[in-house]
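A.B. asks: From TrEMBL, here are the annotated features:
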{"type": "TRANSMEM", "residues": "6-26", "note": "transmembrane segment"}
{"type": "DOMAIN", "residues": "7-161", "note": "domain 'EamA'"}
{"type": "TRANSMEM", "residues": "33-55", "note": "transmembrane segment"}
{"type": "TRANSMEM", "residues": "89-107", "note": "transmembrane segment"}
{"type": "TRANSMEM", "residues": "119-138", "note": "transmembrane segment"}
{"type": "TRANSMEM", "residues": "144-163", "note": "transmembrane segment"}
{"type": "TRANSMEM", "residues": "170-191", "note": "transmembrane segment"}
{"type": "TRANSMEM", "residues": "203-227", "note": "transmembrane segment"}
{"type": "TRANSMEM", "residues": "239-258", "note": "transmembrane segment"}
{"type": "TRANSMEM", "residues": "264-284", "note": "transmembrane segment"}
{"type": "TRANSMEM", "residues": "291-313", "note": "transmembrane segment"}
Amino acid sequence: MVLKAVWGLLIILSVSSSWVGTTQIVKITYKNFYCPFFMTWFSTNWNIMFFPVYYSGHLATAQEKQSPMKKFRECSRIFGEDGLTLKLFLKRTAPFSILWTLTNYLYLLALKKLTATDVSALFCCNKAFVFLLSWIVLKDRFMGVRIVAAIMAITGIVMMAYADNFHTDSIIGVAFAVGSASTSALYKVLFKMFLGSANFGEAAHFVSTLGFFNLIFISFTPVVLYFTKVEHWSSFAALPWGYLCGMAGLWLAFNILVNVGVVLTYPILISIGTVLSVPGNAAVDLLKQEVIFNVVRLAATIIICIGFLLMLLPEEWDEITLRFINSLKEKKSEEHVDDITDSNIHLRSRSRANGTVSIPLA
């Protein structure tokens, strides 16, 4: 447990730092280069490296080494007993690749309209959307506290739009951020529905497969956007390759850390690391003087974060809380009995010292 806690602390700091770094690099890149779909496509291609990174870790830590193809076939069982076939590659990968691209693309669009703090806070609403979709689609257990959390998330969204007096850019930015959170929630629910739970190797295989699908089938989209002048740049040499590679690298690191953290530590700590990106982005925005926190914006951010944390409560949280309260009461009553016993012993010892004996009544 101590080792898991130590790993958890490191993972929390790494997850929040990578997400804050990704968001802030995007904001810096937008100053001279605004091509959100190209940036989404470019960073998604880096997912191909997920499985090689996982296999390198396998070679470094496993006692029984496996060949790359044997490990690849073993991890491809996430697609079924027959492994990864062309039919399953198209059938299972296509919808998840589209949702992945939409999530990241809408997130980048929101960063153009809102501050990094607002977007990261609104994206935390995806936990509430996951619960609502799981309750409706997967028939998960109903939890009143999570309904309260969902209401808090919706309240925070409305307050975030109101923070700028429902300005057009603000409303559009909020819509993009909420759309990104919604597609992220849909991705997670559909993954659980069709693919179930996955270990680290299977997750690495699946994310790398998404990267291959993006490279093969989505590459025509940035080409079309380039020639239609929607997302155009003068030359490839003029592209900010340093910022693009930094953004893609941090995005890949975030995805790897999230999956590694589930193996090395407690999953709840990964979620805490995600929500800590909100105060992290707020600190950077304040240092850059890009945001002025009025009462409404600050209250909306706090409400969304509290709703996110309420979503992390386990399903048996009420039973756990009652057991904890009862244990405290029992401990307090035992201490009270011990105090009475000690006081009685002290009184008897004083009576004997004074030469008197107390005779108990029948």
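Keep in mind that glycine also has a Cβ here, set from the backbone N, Cα and C atoms.
Just so you know, TrEMBL annotations are computer predictions that nobody has curated.
Tell me about the setting of these features in this model.
C.D. replies: Outside the transmembrane segment (170-191) by six or more residues, the chain places 95-96, 99-100, 102-104, 106-107, 109-110, 112-114, 118-119, 122-127, 129-130, 132-134, 137-138, 157, 160-161, 163-164 with a CB less than 8 A from a CB of the stretch.
Here the transmembrane segment (203-227) has Cβ contacts under 8 Å with residues 35, 37-38, 41, 44-54, 72, 75-76, 78, 84, 89, 93-94, 96-97, 100-101, 195, 233, 255, 259 of the same chain, all six or more residues outside its ends.
Distant neighbours of the transmembrane segment (239-258): 11, 14-15, 18-19, 21-22, 25-26, 28-29, 32-33, 39, 42-43, 45-47, 49-50, 53, 104, 207, 233, 270; these residues of the same chain sit at least 6 beyond its ends, with a Cβ under 8 Å from one of its Cβ atoms.
If one looks beyond the transmembrane segment (291-313) by at least 6 residues along the same chain, the residues whose Cβ comes under 8 Å of a Cβ in the stretch are 115, 117-118, 121-122, 124-125, 127-128, 130-131, 143, 145-146, 148-153, 155-157, 159-160, 162-163, 268, 271-272, 275, 278, 282, 285.
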A.B. asks: Tally Cβ pairs under 8 Å between the transmembrane segment (89-107) and each listed stretch (6-26, 33-55, 119-138, 264-284), then give the stretch with the top tally.
C.D. replies: 33-55
A.B. asks: Sort out for me which stretch, of 6-26, 33-55, 264-284, has the most Cβ pairs below 8 angstroms to the transmembrane segment (119-138).
C.D. replies: 264-284
